[in-house]
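J.: Could you have a look at this structure, given as structure tokens, before my questions?
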Amino acid sequence: MLKLIFRRVALTLPTFVALMFVTFVAVRMVPGDPIEARTGERGIAPERLAALRHDLGLDQPVWKQFLDYAYGLLHGDFGVSIVTKTPVLHEFLILFPATLELALCALVFAIVLGIPAGVLAAVKRGSVLDHSVMTVALAGYSMPIFWWGLLLIMFVSEYLGLTPVSGRMDLINYYFEPVTGFMLIDSLLSGQEGAFGAAVAHLILPSIVLGTIPLAVIARMTRSSMLEVLGEDYVRTARAKGLSPLRVVGLHALRNALIPVVTVVGLQTGTLLAGAVLTETIFAWPGVGKWLIESISRRDYPALQGGIMLISAIVILVNLIVDMLYVAINPRIRHG
Amino acid sequence: MPVISTKAAIAAALLTAFAAAPAYAAKTLVYCSEGSPENFTPALNTTGTSFDAARPVYNQLVEFERGTTKVVPGLAESWTVSDDGKELTFKLRKGVKFHSGVNGFTPSRDFNADDVIFTFDRMWKPENPYHKVTGGAYDYFNDMGMPDLLASIDKVDDYTVKFVLKEPNAPMLANLAMDFATIHSKEYADFLLKKGTPEQFDQIPVGTGPFSFVNYQKDAVIRYKAFPAYFEGPAKIDNLVYAITPDPTARYAKLKKGECHVMIAPNPADIAGMKTDPAVNLLSQPGLNIAYWAFNVEKPPFDKKEVRQAFNMAIDKAAIIKDVYQGAGQGAINPIPPTIWSYNKDVKDYAYDPEKAKKMLADAGVKTPLDIDLWWMPVQRPYNPNAKRIAEMMQADLAKIGVNAKLVSYEWGEYRKRMQEGEHTTGQLGWTGDNGDPDNFFFLLGCPAARKGGQNLAKWCNKEFDDLITKARTISDLSERTKLYEQAQVIFKEEAPWFTIAHSVVYEPTRKEVVDYKVSPFGRHEFYGVELK
């Protein structure tokens, strides 16, 4: 097991170096530069532009800028945002808890609904239930996020008045300083009456919106994987032995059917952690996705590079954990 | 025992967590803004979002009266201008307090001349210890030409400051009311320098303004509380909260639900619904801006006045206003918006008349089909919500008079640079006023700006026009200046270096319980004086 982990970690190193290089080059290939991007209609005098570029080190040859950047990274320095002048790592650490909190809630929503839905559809193959689940899953998968988010806001928040529209907390009635950055925890720590409930209420719609696509993918994957497993000999044997259908499906079939599902969950987690730009924008969720998109439009090279590197590291780590989970679920992989 | 007590503690925590009675309340006004500030020092910033975030905390020497472009006393209670127009002497207000207790800072003295000198030295003098802090790019200070205008800023005594100019400049007073001229505390700057954290000066603001800074969570929320010792009396609300909400539809939904009281920039499509919404007051004011289409007079056939006039007649402006602005714009006639003093109401626009335009082109010796390029800006602005759509409509109109317009665009920085270099034949751009002074618009058409790389995109240099606006800049008598600018507008319309497209109309929805909110012509958002019913 340790050898496997070591091998996997060693393999990620070249990935990182390649990623660092590609990110560095790609952000500089986008037309425009950070100083001109923030200049309005007035424009900027060439001498002033040159002076400001010099201050930011943008007048250096690109290879030198890259080496400086790589040197900084090796020392844990992700640079300083051109726009806000604060360290990139500091900005990321402020925003990431919001992304993580939302991603986890969306994932829980997707798994809790997706796996049972997929199992039911497989067991009742060809029934009305099966067709309904698959139709809803297809609809969920094809749903434009922006439209879905606004629809839920209009119906659930505005019309039914059940949830708040956006943000992470009721700003009129509560105020407490962030401690962990996770609103669910901070609201509990604040000890203010009703704050935790408000935090939960604010999480409902964004979690549904962000979890809809993973939910659809997980449900479909669980169904097809279950169908395959249900046809296997050992399931027939288990049935022949007179085991209850719940035991056959829940214990014998589901465990084996889960392997591809875990892969999908892992991939979806990676996507969710990279930040959900549209969901974050609609629900005014202060996460890393929106931050990265703004960094592109402002040509904030350090924020963009640092943000991509940090997110990639997290995605790679999640994939590593998923690989380890396979081994736990299916011992054959250990020997493969 | 410990197990039981832990369980009891969790149960108690959950009970209090889900109970509905809120703890924090008082009179809290929530403003749904659209983005995060870069920092809290206006001198370093260029965006309205950042200025809005710093404004509750600060004051300037002179200020714009809320909802107008009129310059009124701020931290200076009065001022005098010397006879030669080169000296502005400000008498400072006494007994003005800085916020206390923010970031561990307790001021030991009131505001005085040292704060004014420090504020301007930071932007102006490289030897100031704060000059390079937070990047040190003082865009507005430089763009408004302050380094070229200022000879010195002198402390006469603790409560008198004299600005000495190299030449008379009437708009200077209005410049000092702009956000970049926000006055900072020298004592706070020294305090942070001693602590070794000067960068906090721009992150955790301390000022003299009606609200003191409480907390900022990036991309989420900014909080302020009323400053009880504010020199004009405490604000009528207790807490001010900026809820950063980028999507306009979500902002409107929050406004409807009472999650915010005032919102910025509604969707044009929502305006009609807002007008009939019983919970909403839809305020509006013409924006201090203009969208225009410049003809490069250095390129034939636009060197001929008659051709430029013909192009003015060829475009159906009313259709553009209806289709692109959807009620949030009014057709422009002059190069300045009607809200600015000296606007000449007697100037008439060219009527839409493609037949006459065609004839004028023929009379001017222009052979059709004529090929031109038509540049459209790649960014959205309040004064021009969709430059590409406008360009397409113009293209269709021009085809009717035998002109083939090729649509051209570049990335924003490149676009602006190339147009300033004069590479275009015709192109769209616009302007948003900084200080409410007519000169802030007219300089765009002056001869110095017509140089290569300059901001006069028509590259039009008319001596008579330029003399008028140059003279108007140097005299301080308002009625005399008005006359000069009125004449300049007549020349502008006759010479037609631009097709004036539109001035936007700014809409600001507020909830009905918000009292005395005023829409600013500058697009500012100000909450001192605002009350909640």
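Any Cβ shown, glycine's included, is placed from N, Cα and C.
Note: TrEMBL annotation is automatic and uncurated.
Relevant sequence annotations retrieved from TrEMBL are reproduced here:
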- A:9-30: transmembrane segment (TRANSMEM)
- A:94-123: transmembrane segment (TRANSMEM)
- A:96-326: domain 'ABC transmembrane type-1' (DOMAIN)
- A:135-156: transmembrane segment (TRANSMEM)
- A:195-218: transmembrane segment (TRANSMEM)
- A:257-283: transmembrane segment (TRANSMEM)
- A:303-329: transmembrane segment (TRANSMEM)
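Could you give the neighbours, burial and distances for every feature on this list?
T.: Cβ atoms under 8 Å from those of the transmembrane segment (A:9-30) belong to residues 62, 65-66, 69-70, 73, 296, 299, 301, 304-305, 308-309, 312-313, 316, 320 of the same chain, restricted to positions at least 6 beyond its ends.
Same-chain residues lying 6 or more positions outside the transmembrane segment (A:94-123) and placing a CB less than 8 Å from one of its CB atoms are 129-130, 133-134, 137, 168, 180-184, 203, 206-208, 210-212, 214-227, 230, 245, 249, 254, 261, 265, 268-269, 272-273, 275-276, 279-280, 285-289, 291, 310.
Counting same-chain residues at least six beyond the ends of the transmembrane segment (A:257-283), those with a Cβ under 8 angstroms from any Cβ of the stretch are 99-100, 102-103, 106-107, 110-111, 115, 118, 145-146, 149-150, 153, 166-167, 205-206, 209-210, 213-214, 217-218, 221-222, 225-226, 228-229, 289-293, 311, 314-315, 318-319, 321-322, 325-326, 329-330.
Same-chain residues lying 6 or more positions outside the transmembrane segment (A:303-329) and placing a CB less than 8 Å from one of its CB atoms are 1, 4-5, 8-9, 12, 15-16, 19-20, 23-24, 27, 69, 73, 78-79, 81-83, 88-89, 91-92, 96, 255, 258-259, 262-263, 265-266, 269-270, 273-275, 288, 291-292, 295-296.
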